[in-house]
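Scroll down for the structure; my scribbles are underneath it.
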């Protein structure tokens with residue numbers, strides 16, 4: 001086991017919070033492993049820690065994806081599974097995990113070359129699905145997701161060694177300024193925020209509803225935001241946001257009348273598979289962090305998302 005003193009990204013120890021310079025590349029292999037993105041797009045991702053591609057999916061594709069996600073949220077057999085997470089204080093579905101396994105069309109989505117090849121290009125290797133989920137924010141009552149770095153959680157609770165993973169968020173509804181869109185801090189991916197507080201056992205059972213550990217301190221957050229600002233990922237349904245595993249992000253609650261729904265695919269490099277979790281923690285379930293049943297994503301030969 002690597003001690004906190006030897007871990008470049010030690011977090012949730014008895015030490016105080018700290019800002020630590022990133023030790024890993026942002027784009028691996030000079031972005032030449034695949035060719036889904038232009039050189040300018042790769043450069044933008046490397047600089048900011050994220051990339052918004054507008055109108056990547058057609059209206060027909062979006063309609064099929066949204067209908068499937070809505071079906072899943074109404075399916076009692078899915079809602080009562082451990083993969084379904086409800087909002088704090090209600091039975092409204094907040095997230096459904098492992099959607100690429102539970103749904104054939106979402107299984108094709110994770111292999112769509114527009115997503116998978118972009119991930120392979122940025123991460124410089126073959127990739128597998130570390131996690132997939134559908135996130136819903138119903139109008140008037142969708143709750144916020146507080147600021148966090150995914151890598152902080154994946155490093156501590158899942159044993160992910162390095163910052164060689166990314167998320168892509170496929171917008172299934174219009175994301176506007178009022179319905180709780182994703183917010184990211186440009187440039188924050190180059191700094192790791194070490195958090196305080198020992199992780200409780202089975203922390204995931206509460207953190208997926210409301211995260212209280214692995215949360216960056218206000219002083220560090222303010223510094224990152226003053227340096228980089230805050231970018232709001234607004235766009236039409238069918239747009240996609242790719243963002244680095246260490247980019248600081250969050251979203252406000254949705255008190256507007258307009259619901260928001262996104263599907264997230266998390267790709268991890270096949271050269272960055274999980275170690276045991278830190279500090280003797282038990283591994284999180286497979287539907288949250290793929291540890292056993294993983295294989296390289298094989299991109300579809302052509303765009304076959306909607307079968308006719």
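Every residue, even glycine, has its Cβ placed from backbone N, Cα and C.
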Listed by Swiss-Prot with 148, 150 as binding Fe cation, from among 249, 287, is 249
Measuring Cα to Cα, how many Å separate residue 131 (L-ectoine binding site) from residue 137 (2-oxoglutarate binding site)?
19
Comparing the Cα of residue 154 (site 'Important for ectoine stabilization') with the Cα atoms of the binding-site residues 137, 148, 249, the shortest distance belongs to 148
Expressed in Å to no decimal places, the gap between the Cα atoms of residue 137 (2-oxoglutarate binding site) and residue 249 (Fe cation binding site) is 16
For residue 150 (Fe cation binding site), list the number of other Cβ atoms lying within 10 Å of its Cβ atom.
24
Taking the Cβ of residue 154 (site 'Important for ectoine stabilization') as the centre, count every other Cβ atom within 10 Å, in any protein chain shown.
27
